[in-house]
Amino acid sequence: MARPKFVAGNWKMYTDLAGAKSLAAAVAKEVGSSSKVQVAVCPPAPWLTAVADAVKGSAVVVGAQNCHFEKEGAFTGELAPQMVLGAGCKYVLIGHSERRHGLGETDDLLNKKARAALAAGLHVIFCIGELLAERESNHTESVLDRQISFGLADVPPEQMANLVIAYEPVWAIGTGKVATPEQAQAAHAFVRGKIVEMFGEKVASELLIQYGGSVKPDNAVTILHQPDVDGALVGGASLKADSFLAIVKAAG
Ligand SMILES: O=C(CO)COP(=O)(O)O
């Protein structure tokens, strides 16, 4: 069975409350109550409930950009997976490069977060990707191998149906330098092969793997129609309804 396409917008630390609500409402209005392409928006944490309200009744779902691995506790500034669920989210992003490299989140920490989020009933978009220096020294595959082996260690195979991988080469994020369709396909095929090794053929064949890094309406079609590319995780172009919806359309 063909895998569905899944396009998610990562709004990062952008939007104010009014802007978040109107962007979400515009996306929801156009997507409507059923959609062949799965669509998610991931606003900043303070806007999650308002955005969940704004997309209610549409096929658009909401994701948070991070969560903690504990259910509750003295963790100032953190969000428990249960809180993310309670705010109306279906998804959570785990392991975005801006948190791995900008905030020092390790493979071990990300593994704890992914397992806790899945156990709580959230769906996880698990982000991986190599730095430019790692690609240039031919270490792309070993980096992806490490991020997957450690990051997804001990994830119960039956919970893999609730996990999506986003391959986001760090050198393509926010730079306008998109991976070529061939580079994206090669990395995605490698990732799927690694999932076969860890979880078997069935899990791997059903796994959605998004590409992220400078996806725009004008480059989306070729990237999104590579055999192992099942969607996109969109940053900058998700902040305007028109450009985000054009990418959703390109996926269909
Ligand atoms: O980081 C990204 C999505 O998570 C990609 O960001 P850009 O689309 O702005 O390159």
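Glycine is treated like the rest: Cβ placed from N, Cα and C.
Keep in mind the model is a prediction, meaning the values are calculated, not measured.
SER214 is the residue from SER33, SER34, SER214 that TrEMBL records in the substrate site together with ASN10, TRP11, LYS12, GLY174, GLY235, GLY236. Taking Cβ-Cβ distances under 8 Å and a sequence separation of 6 or more, the neighbours of GLY235 (substrate binding site) in its chain are GLY9, ASN10, LYS12, ILE173, GLY174, GLY212.
In the three-state DSSP scheme, GLY236 (substrate binding site) is classed as helix. Annotation note: ASN10 (substrate binding site) sits in a strand segment as assigned by DSSP. Among the binding-site residues TRP11, LYS12, GLY174, SER214, GLY235, GLY236, residues whose Cβ is positioned under 6 Å from ligand 1 are identified as GLY174, SER214, GLY235, GLY236. Across the annotated binding residues for substrate (ASN10, TRP11, LYS12, GLY174, SER214, GLY235, GLY236), the two most widely spaced Cα atoms sit 14 Å apart.
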